[in-house]
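K.L.:
Sharing a structure here in structure tokens format.
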Amino acid sequence: MITNEFDTITAIATPLGEGAIGIVRISGSKALAIIKKIFKGKNLDDVPSHTINYGHIVENGAIIDEVMVSVMRAPKTFTREDVIEINTHGGVAVTNEILQLVLRSGARMADPGEFTKRAFLNGRVDLAQAEAVMDLIRAKTDKAMAVAVQQLDGSLSNLINNTRQEILNTLAQVEVNIDYPEYDDVEEMTTALMREKTQEFETLLTNLLKTARRGKILREGLSTAIIGRPNVGKSSLLNNLLREEKAIVTDIEGTTRDVIEEYVNIKGVPLKLIDTAGIRETDDLVEKIGVERSKKALEEADLVLLVLNSAEKLTDQDRTLLEISQNSNRLILLNKTDLPEQIETDQLPEDCIKISVIKNQNIDVIEERINKLFFDNAAIVEKDATYLSNARHISLIEKALKSLQAVNDGLELGMPVDLLQVDMTRTWEILGEITGDAAPDELITQLFSQFCLGK
């Protein structure tokens, strides 16, 4: 469907359901005219911008709800258009009724993410900042929120824009040397100077790329597979980490017949905990499917928590699990330390963590070891640092580095500086896709379609 970018749009901006407040948002040139048709209270033409005004929403003289209406005039709004927010009593019926009234009064239903898209199109935010809005909404921990806020505040955008400007200056210098070789007041872009500039850009982007692992973990969570043979305490460990009972815990082997996924906040790091079915040979078809899914989860995990029974000697199944997980980021947990120890610790390859999920012992040690393994006990989010957390951004930085490598390769082959402009220009264009300066319309539409309705 083709829609007019300048239509006045509306949507419910709060989750549907029972609650104290529901918000119907309107943005566009007709926002004030629409609210005046349905609002009984102060004359909204006379109220200052960025004020909240008491009154009623009415239709044909009948009161629909008692409301507070926020009036925010362009250009000092999120969309840089006139914005009205109707604060209703929360509830499905009343909020939907007011939304339908706004639609009948001349607004169009907003597409998902269209408010933020307008903020981008009107220059209020760039594409990286717009994506940070969604990251902020989806953040599962305070550290993930901090990274999203940094990006929303422009830390990544400023770094990218400054780098693009330096690349542009380099390209301009090459052009001047070509077109006006007689100018003595412009430094000549020699091979040595081009190499120096290229290495400078490579170093900056390489250092930025080094933050991707940490940033991506904070944004998407640390995929953590809990593995072990049946009935060693995997589900109990999951419940202990979650601080609530999510998995069924029994003495019957094979109780967990599928893969259970839950998120938990470990010192600011979101862990996507995957409680796998015990990996063993089985004739039970349903359990067999669960075992296969467990093996797949193990292959894809960022972290493996291997649970062994310290009250029993190592079994063939234990040894198989030790072998198939040896190339993973792994912590070995010896459970049931409240019972006499039987396991052969001298045959285990790493320092193990002795725990008792029944008595909730040493769960905090697991959390500390995870922090050490992935963050070297450093501050998880450093003040004033810039982090890459978005897979799209990471891919573009990698592409930009490949273009810079092509410039270096050309320099090594003795190619003239002016012939290397193509790859340097490509680097500039690729970085522009991060902020949206050089992003195709199809990409922009696709990105905003992933946003919430009303955002």
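Just so it is clear, glycine is given a Cβ too, placed from its N, Cα and C backbone atoms.
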K.L.:
Glu85, Arg124, Lys455 bind (6S)-5-formyl-5,6,7,8-tetrahydrofolate in Swiss-Prot, but which of Arg25, Arg164, Arg392 does that record place at the same site?
P.N.:
Arg25
K.L.:
Please report the distance from the Cα of Lys234 (GTP binding site) to the Cα of Arg25 ((6S)-5-formyl-5,6,7,8-tetrahydrofolate binding site), rounded to the nearest angstrom.
P.N.:
46
K.L.:
Between Arg124 ((6S)-5-formyl-5,6,7,8-tetrahydrofolate binding site) and Ser235 (Mg(2+) binding site), how far is it from one CA atom to the other, in Å?
P.N.:
47
K.L.:
What is the one among the binding-site residues Asn231, Ser235 whose Cβ has the most other Cβ atoms less than or equal to 10 Å away?
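P.N.:
Output for this query is Ser235.
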K.L.:
Can you figure out which of Arg25, Glu85, Lys455 (the binding-site residues) comes closest in space to Ser235 (Mg(2+) binding site), comparing Cα atoms?
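P.N.:
Checking each of Arg25, Glu85, Lys455 against Ser235 (Mg(2+) binding site), the shortest Cα distance is to Lys455.
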K.L.:
Which one, from the binding-site residues Arg25, Arg124, Lys234, has the smallest tally of other C-beta atoms lying within 10 Å of its C-beta?
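P.N.:
Taking Arg25, Arg124, Lys234 as the binding-site residues, the minimal 10 Å Cβ count falls on Arg124.
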